[in-house]
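J.: Please find one structure pasted underneath; my questions will follow.
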Amino acid sequence: MSCSYYGKCAGCNLNLPYNDEISFKTDFLKSEFKEFYQGEIEIFKSDEWNFRNHAEFGIWHEKGDVFYTMRGNSNERVKIETCPKMDKKIVEMMPKLLQNLRENKNLKERLFGIEFIATKFDFMAILLYHKDIFNIKDDLAKLAEILDIKISARSRGKFLNFGGEILREKVQNFIYRFNADAFFQSNTKVNEKMILFVLNAVKNGKDLLEMYCGHGNFTLPLASEFGKILANEISKNSIKNARENSKNKDNINFVRMSAKELIDAFNGVREFNRLKDIDITDFDFSHVLVDPPRAGIEPEVLDFIQNFKNIIYISCNPASLKQNLQILCETHKITKFALFDQFVHTEHIECGVVLQK
């Protein structure tokens with residue numbers, strides 16, 4: 001592995017040639033899920049380097065100087081200058097930003113972390129402080145001007161933005177906007193492959209229910225495959241961005257509701273003002289798409305989605321996926337299984353599973 005920090009920094013824990021790494025992950029999935037699926041696993045590889053568009057680094061203070069750090073294998077902090085996994089824009093910006101911080105006492109004082117976000121259109125550095133950021137407002141504004149990037153500063157629930165707080169990314173032919181604190185895929189190329197996998201999983205689509213939709217990562221491309229889409233998300237900012245992202249699509253309905261609230265609405269347990277303009281009885285669902293957090297799908301949601309003929313499940317945690325499949329495979333059969341290698345040089349695995357009754 002061509003990184004001088006491997007073995008010291010805990011950011012990577014697999015030191016294998018890339019094809020061997022893919023074999024390691026594939027063999028793990030075959031063994032872990034053999035009771036549910038014995039077919040071929042579709043493999044979607046990543047670039048080995050410069051694939052990550054989003055990361056946070058610690059800041060270490062020593063004798064008036066500052067350094068980037070990562071957590072070490074023994075929980076100590078490891079000084080680093082760069083990270084070869086990062087997008088090239090981040091790699092280029094890291095030393096420039098650090099030099100400007102070193103030259104400005106106000107900016108480096110009580111700074112404890114920096115988060116970088118690089119998209120095809122925007123670049124943002126988020127500076128994390130243990131002090132009143134309003135006292136360094138002018139310094140931050142000047143920093144954004146010098147580096148010609150978006151700068152955000154945060155401390156104790158307060159924040160300042162210079163250059164705008166919205167980021168834009170192009171995935172396939174779609175433009176997505178999102179806030180810096182929203183969840184978004186950190187490997188854009190593999191995300192595009194995930195979207196293609198989902199698109200190819202749709203046959204004879206009528207209407208789609210999408211749960212945990214975020215800012216519409218899958219929703220926008222899927223709009224052309226279905227008559228109508230109903231998509232839920234609990235995050236207010238994500239729903240706001242999803243609606244903005246889909247303003248040219250007239251067959252998508254986004255609702256800010258939890259999965260359990262949406263199920264209550266379908267079951268007639270409660271009426272929700274948020275659904276007053278949407279007739280949920282007017283949908284003819286052929287598919288449900290779920291992309292839950294690491295904890296997986298809640299029991300009541302599992303019971304609910306078993307009513308659908310076709311389930312598309314995107315998982316960021318094989319352990320919770322396996323638990324959920326114990327239930328789903330009582331009524332459904334897996335027809336496709338995919339490995340998305342979002343995080344190269346780590347044991348992290350993301351999966352896509354298609355189930356049918």
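In case you wondered, yes, glycine gets a Cβ from its N, Cα and C as well.
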J.: Swiss-Prot has Gln185, Tyr212, Asn217, Glu233 down as binding S-adenosyl-L-methionine; which of Asp122, Asp132, Asp291, Asp303 does it also list for that site?
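T.: Within the candidate list, Swiss-Prot flags Asp291.
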J.: Taking the center of the Cβ atoms of Gln185, Tyr212, Asn217, Glu233, Asp291 at the recorded S-adenosyl-L-methionine site, which other residues in this chain have a Cβ no more than 8 Å from that point?
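T.: Going along the sequence, the neighbours come out as Phe183, Cys213, Gly214, His215, Phe218, Ile314.
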J.: Other than its own, how many Cβ atoms are within 10 Å of the Cβ belonging to Gln185 (S-adenosyl-L-methionine binding site)?
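T.: Its Cβ shell of radius 10 Å holds 22 other Cβ atoms.
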J.: Name the residues of the same chain, 6+ apart in sequence, whose Cβ is under 8 Å from the Cβ of Asp291 (S-adenosyl-L-methionine binding site)?
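T.: Looking at Cβ-Cβ distances below 8 Å from Asp291 (S-adenosyl-L-methionine binding site), excluding near sequence neighbours, one finds Glu210, Met211, Tyr212, Cys213, Gly214, Asn217, Phe218, Tyr313, Ile314.
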J.: Could you measure the widest C-alpha to C-alpha distance across Gln185, Tyr212, Asn217, Glu233, Asp291, the residues recorded as binding S-adenosyl-L-methionine, and give it to a whole number of angstrom?
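T.: This binding site's residues have a maximal Cα-Cα distance of 16 Å.
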J.: Secondary structure at Asn217 (S-adenosyl-L-methionine binding site) (DSSP, helix/strand/coil)?
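T.: Note: Asn217 (S-adenosyl-L-methionine binding site) is coil by DSSP, not helix or strand.
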